[in-house]
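Working notes for the structure below.
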Amino acid sequence: LSVSPEIPKEDGRPKWDNKFQYILSCIGFAVGLGNVWRFPYLCQIHGGGAFLIPYFIALLFEGIPLLHLELALGQCLRKGSIGAWNTISPYLGGVGAGSWMVSVLVSLYYNTVLTWVMWYFINSFQEPLPWSVCPLNENRTGLNEECYESTAVNYFWYRKTLNITPDVTESGTLQWWLILCLATCWAIVYLCTIRGIETTGKAIYITAVFPYLVLTIFLIHGLTLPGATDGLAYLFTPDLNTLKNPRVWLDAATQIFFSLSLAFGGLIAFSSYNPPKNDCEKDAVTVAIVNSMTSLYASIPVFSVLGFKATTGYWDCLDRNIISIINEFDLPEESIIRQNYTAWISFLNSSHPEKIAGLQLKSCDLQEFLDQSVSGTGLAFIIFTQAIILMPGSQAWAILFFIMLFCLGLSSMFGNIEGVFTPLLELQIISKSIPKELISGIICLISFLIALCFTLGSGSYWIDIFDSYAGSLPLLVIAFFEVIGVAYVYKIKRFSKDVKWMTGRKPNLYWQITWRFVSPLLLLIVFVAFVTLQIQKPPSYAAWNPKYEGFPMKEEKVYPPWVLAICVLLAVLPCVFVPLVALFHLIKRMCRSKDPNFVPPEVLSCQETNS
Amino acid sequence: YAWDANEEYLFKAMVAFAMRRYSSKSTTQISNVLLCNVTDRVSFWFVVTDPSKNVTTVPGSEVEAAIRMNRNRINSAFLLSDKTLQFLKITSTLSPPVEPSTPVWLIVFGVVLCLIVAGIFFLVFAGIQQRKKKNKESTERENLEEKDEVTGTVENGIPCEVLDLKAGHINGVFAADDERFTSL
């Protein structure tokens, strides 16, 4: 009999077709909608170029160490999040369960955001774009009132898409067009995740690469638009004074953390399909740097377009003023143009001040237009769509933009679904004979049915709630326990040995210090600061109420107590698994320790699991 | 084009035309339309005098209605639009937006949905085919292994004593040929 060489044991676990697929999947998971609509906004309000300083510090001391930790963990233990944490220590099994719970909650609402993107995408095939014109009112004498008071873009978003109710307690009805789009989105997710990474690995080639293509196209086009340089200057002008505000550091830390999609369990799932001998250190650094570079790269076209929009708004304001002045004073056309507007105004003010005052001219200030910054869905569906109308060939730009957003969100959904799917496959409750296609189908079907609540009139308020409470605080808690668990329960010495076995070299001093002290400390500080800020004021939301007297401004409302209870539940539910599971095992052990034949199970290390 | 006396003449002619069409008074002449207060901005006031009765002007509401009826003719005579040729106090009626019979988005949606459903069916069927093939292959392989076990080939390196312990089925076809093999 010949001795078998060092071939890893064939355990029937699916694996990536090649390393590139794995890296693309991690990058696709990390690069999501937040890179496009949150990072540029943060950059802008926190002093432009100066924001990059806390951002990169957070990346270095929080992002990269945690990323390396998760990738190494998954690769070493070759199990999804629940199995991996159970293997590290049964007391830490709650960390895995918490990650799984968060992945479930986030998958539910994230796909609804993609539903909105899909709705806008299929509406982009019309001429003219439906959000560029206001519909007429019933007797065709004028424009629809709600649309007239706000803008056509706002009307299309709040009325035609969301059909939003004025209050979170009013549920409204199910919007059938959103249900159709939601079904389509879940069908697409099912199509791509039908056999786990076998199918997502093929789909990721398109969904991870295509956004970069579109961003480049928008970059080139955006830089040619008038006013682009104003927008870019506004974005990148550093204002170092903002660094004195602790809010800036907190925002940088949370942005890095959520941008890298840590603590979802998806990264652990992805790396568990790797061969054990793989350089996870290089992978982690690569993924983190690509993610940050993408954020920077994406902010350039976004701000060129925003600068273009601000300049166009400024010119429109000037033109309206010019028309009223010309009408009033009966001056010939083209006598006042934008360039000599200020000279004319000062001249007319000195000669006929009462006439000028009677005209009630709006003061046009480019800074004011640039200051109208929004993040999140407002950026994509209101501001960007408005800018797209102003470009020639708007249909093409709209289609490209929404496909890009869809791909960005879809690749993040793959990671979320993998974080749900992989641990379920490993739990003993599902028998091996059930085909994978059926399990993923059931997951997608159940998620679709639950996500139907987000298609109600008040759906977008609920998505904001889920985003702020389920998708933020529990992740910090879980990540904190991840680092503490590996550093102090599993012990860093052992972990370093495992990493050395996998990558061929011992993790250097940087990793040792960050894993042991810096990252847990930073996470603790961020968590405490986050909670403090949340508690300081009662949680409120901005409602779109056409009957509000300040309309089109949004009405500030406070959440009623039952909604607050749900918020707290969402934030606490994933976190509560950690102590519960630990307590459960503690009690089991205390009962078992009375049994003399009982031997406590050993914690397996990486090499033992694999050889 | 520059605004000169000829354009003014055309304007008077258009207003007269509008009055004629509206009130069917075919006696309105160009001389009945009077322009005044012409400014460089190209804005002016005009009145229409009644041809049948001298010196009286046609009421403003009639003129407004006449112009509203023939607005597009007046606009096209000057190659202008409602935005560039403005009659104060005459607001234009808005044209309804074009509504196609089926909303365009439903068509696009239908196309996308069909593609996805086709993809899902294809993948599911491919998976079922693959599973059937794998099952067939594994049963074939099992049969082959059983054959090997009974004839006692040495290639797979399994010693015969171990095989005797297994609950193997003796294949009747081969059992009869036992005498052909040399004893070990």
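Glycine is no exception: its Cβ is also placed from the backbone N, Cα and C atoms.
So that you can see what the record holds, here are the features copied from TrEMBL:
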TRANSMEM  A:20-39  transmembrane segment
BINDING   A:GLY28, A:ALA30, A:VAL31, A:ASN35, A:SER259, A:ASN291, A:LEU408, A:SER412  Na(+) binding site
TRANSMEM  A:45-67  transmembrane segment
TRANSMEM  A:88-110  transmembrane segment
TRANSMEM  A:174-192  transmembrane segment
TRANSMEM  A:204-228  transmembrane segment
TRANSMEM  A:248-270  transmembrane segment
TRANSMEM  A:396-417  transmembrane segment
TRANSMEM  A:438-463  transmembrane segment
TRANSMEM  A:469-492  transmembrane segment
TRANSMEM  A:513-535  transmembrane segment
TRANSMEM  A:562-587  transmembrane segment
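Overlay of TrEMBL annotations on the structure.
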residue: A:GLY28; record: Na(+) binding site; CB count, 10 Å: 28
residue: A:ALA30; record: Na(+) binding site; CB count, 10 Å: 26
residue: A:VAL31; record: Na(+) binding site; CB count, 10 Å: 28
residue: A:ASN35; record: Na(+) binding site; CB count, 10 Å: 25
residue: A:SER259; record: Na(+) binding site; CB count, 10 Å: 24
residue: A:ASN291; record: Na(+) binding site; CB count, 10 Å: 24
residue: A:LEU408; record: Na(+) binding site; CB count, 10 Å: 28
residue: A:SER412; record: Na(+) binding site; CB count, 10 Å: 27
Other parts of the chain folded back onto the transmembrane segment (A:20-39), taken as Cβ under 8 Å at six or more residues beyond its ends: 71, 113, 197, 200-201, 204-205, 207-209, 211, 255, 258-261, 266-267, 270-271, 273-274, 283, 286-288, 290-291, 294-296, 298-299, 302, 375-377, 379-380, 405, 408-409, 411-412, 414-415
Dominant neighbour of the transmembrane segment (A:248-270) in A:45-67, A:438-463, A:469-492, by Cβ pairs under 8 Å: A:45-67
Chain residues in Cβ proximity to the transmembrane segment (A:513-535) (below 8 Å; excluding those fewer than six residues from its ends, i.e. six or more beyond): 58, 61-62, 64-66, 69, 246-247, 250, 253-254, 257, 472-473, 476-477, 479-480, 483-484, 486-487, 492, 495
Among A:GLY28, A:VAL31, A:ASN291, A:LEU408, A:SER412 (the binding-site residues), residues with Cβ under 8 Å to chain B, listed in sequence order: none
Two-stretch contact, the transmembrane segment (A:562-587) and the transmembrane segment (A:88-110), at least three Cβ pairs under 8 Å: yes
Cβ-centroid neighbourhood (8 Å) of the Na(+) site, A:GLY28, A:ALA30, A:VAL31, A:ASN35, A:SER259, A:ASN291, A:LEU408, A:SER412 excluded: A:ILE27, A:PHE29, A:GLY32, A:GLY34, A:SER261, A:THR294, A:SER411
Among the ranges A:45-67, A:88-110, A:204-228, A:438-463, the one whose Cβ pairs under 8 Å to the transmembrane segment (A:396-417) are most numerous: A:204-228
Distant-in-sequence neighbours of the transmembrane segment (A:438-463), which means Cβ under 8 A and at least six residues beyond its ends: 107-109, 111-113, 115, 162-165, 167-175, 178-179, 182-183, 186-187, 189-190, 193-196, 377, 417, 420-421, 424-425, 430, 541, 543
For A:VAL31 (Na(+) binding site): DSSP state (helix, strand, coil): coil
Contact set, same chain, for the transmembrane segment (A:45-67): CB under 8 Å, 6 or more residues outside the stretch: 234-243, 245, 247-249, 251-253, 255-257, 259-260, 262-263, 267, 284-285, 287-288, 292, 296, 373, 479, 482-483, 511, 514-515, 518-519, 522-523, 526
